[in-house]
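Quick look at what TrEMBL lists:
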SIGNAL    1-22  signal peptide
TRANSMEM  272-295  transmembrane segment
TRANSMEM  340-364  transmembrane segment
TRANSMEM  370-392  transmembrane segment
TRANSMEM  412-431  transmembrane segment
TRANSMEM  443-466  transmembrane segment
TRANSMEM  497-521  transmembrane segment
TRANSMEM  527-552  transmembrane segment
TRANSMEM  564-585  transmembrane segment
TRANSMEM  597-626  transmembrane segment
Amino acid sequence: MDRSSSGGVLLLFFLLISLTESFYLPGVAPRDFQRGDSLQVKVNKLSSTKTQLPYEYYYLNYCKPKHVTNSAENLGEVLRGDRIENSVYTFHMREELPCQAGCRVKLDAKTAKKFKEKIDDEYRVNMILDNLPVAVLRQRRDGSQSTTYEHGFRVGFKGNYAGSKEEKYFINNHLSFRVMYHKDLETDSARIVGFEVTPNSINHEYKDWDEKNPQLTTCNQNTKNIIQGSTVPQEVDTDKEVVFTYDVTFKESDIKWASRWDTYLLMNDDQIHWFSIINSLMIVLFLSGMVAMIMMRTLYRDIANYNQLDTQDEAQEETGWKLVHGDVFRAPEYSGLLSVYVGTGVQLFGMTLVTMIFASLGFLSPSNRGGLMTAMVLLWVFMGLFGGYASARIYKMFKGTEWKKNTLKTSFMFPGVLFAIFFVLNALIWGEKSSGAVPFGTMIALVCLWFGISVPLVFVGSYLGFKKPAIEDPVKTNKIPRQVPEQAWYMQPVFSILIGGILPFGAVFIELFFILTSIWLNQFYYIFGFLFIVFVILIITCAEITVVLCYFQLCSEDYHWWWRAYLTAGSSALYLFLYSIFYFFTKLEITKPVSGILYFGYMLIASYAFFVLTGTIGFYACLWFVQSTVEISGVWYFGQFYCLDMYFQAGCDFGMWWLIRLIEVKNFDKSDWHNQNPQVDDS
């Protein structure tokens, strides 16, 4: 191709790029508003960090529109307890609204009690405008002038009148909304880039109540502000009358639509994540050094020692991991259960990896409400194909024959445990009449995803995996099991397993703090780039610590490594659960028993999943290490004995030849060696 034609292709390419338009994810595309366009504030759940039990907005006796309609929700929103509905708060773009009455409500004993309970538990009201959550301004803890937000506003507060010690309950019944917009100078259209609220408690007064056009003496219709001096708060009590009002102001902003979430996501501890990464990298470097040292010792120093042996008797006196190469591939007890857990771990790993990638690319940002939860559920379902395949491959390696039974266990064991715990927790939430309870229809949908998609995919994967030839062991397994010598106290299974879980947990515990904060303290988590790096470090750490401890175990002539490899990395889940207990008592203010049960129930589910994930990583790392090491050591072990028998005939140049051949072949081929050395007799 000449220069003119290549230049034409480039010109056409850039022309096509200039003609294409950007795409946006559904639900998060920008909307342009003209002056006077109608704006509808939607209401979301009532949330509290003290109870962790969300409630629908209309659980309390707030102003209701004539027809309450639910907005379109995805699966993730339902599982999170979000209930998005329309409200009476309506206004028009860039048209400021003075004090506007919403409705008048008379509190009876039941509704007054509900308001008081929610004020006691510090519930916050969540609203949405153009997919932006309402927020209250607050000052940063470091004293800087930058703006940060609190999500939602409080239902009310407790206080007492001047000169009285009796504590009263007051409701925030007046909302001052401020909508910030970014204006397009060419088209005069605008995009909403901020939604703030200032809640107030005002005991409104009026002469005659007109439902169509109520006139309040505490509201000046000619201004947007409350009349000065009307600062008496609205008390919550039986037979009290509450008038809900609001006003709206608009403010032009330099913030562009693409950056409107930055204030919501602004953090006070920006450097801690870098410290977390550096801390994890130090652990990885330490373990990598140990693994490198072990591999160097295995491949060079041990082989050099064999070359220095003078007699076969000295070789037979060798101790350590080389003596158990005929037993390391002996199938463990409960091999079927191990293959089930390995397959489930592969399914979890695939779900986590793909979720991390999409989240790091911005597809699962907080603006896509419920997207993260929906993606995790769907990816778990479709990753059943890989889970079934991995389970069948390991099961067949263990000489298993009942692949259908193994597949059923893979399909139902882990999801069944999770579903049982989830069902009990959901029943407790249902008993509290919380919107966090998953509706019956959604439960049926989850079961359909499980039985209709996940289980068949596990069977397909298992069928494909079992159809392939079994994974062959590098060496033959001895018919008679070798007796394991008595182990030192520090090589006992319980001790070594518990030690092995410390470093993987240490690599992630700082980032774990931010994840728990986002879940239980109602904060946004968005730094998936950091999280992906930590996830990669976790994989490396689990693999390396398992390899190191497996090597020490084999050096002690203990060949029962299968389950111990899985449990070594998986024990980090125990430290995760212990840390969740520490976090519960130091960071949370949960006092209700039901809320405590919910917290520990969900953390138990998370720890169980973390156990399966990390255990599978450790298992595969150790399997690769043992296969590679025993394969090389077994060949050298056989080669040296064979060489000693013919030492004076062939001069043992065989050792140097085999070192070169190790790079090219995996299994020892005696006939191939005889072709190179025809002078040696086969006997």
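Placement of Cβ uses the backbone N, Cα and C atoms for every residue, glycine included.
Those TrEMBL annotations? Automatic predictions, nothing curated.
For the transmembrane segment (412-431), the partner stretch with the highest count of Cβ pairs under 8 angstroms, out of 340-364, 370-392, 497-521, 527-552, 597-626, is 597-626. Contact check: the transmembrane segment (497-521) against the transmembrane segment (527-552) gives at least three Cβ pairs closer than 8 Å, residues 6 or more apart, which meets the contact criterion. Put simply, of 340-364, 443-466, 527-552, the stretch with the most CB pairs closer than 8 A to the transmembrane segment (370-392) is 443-466.
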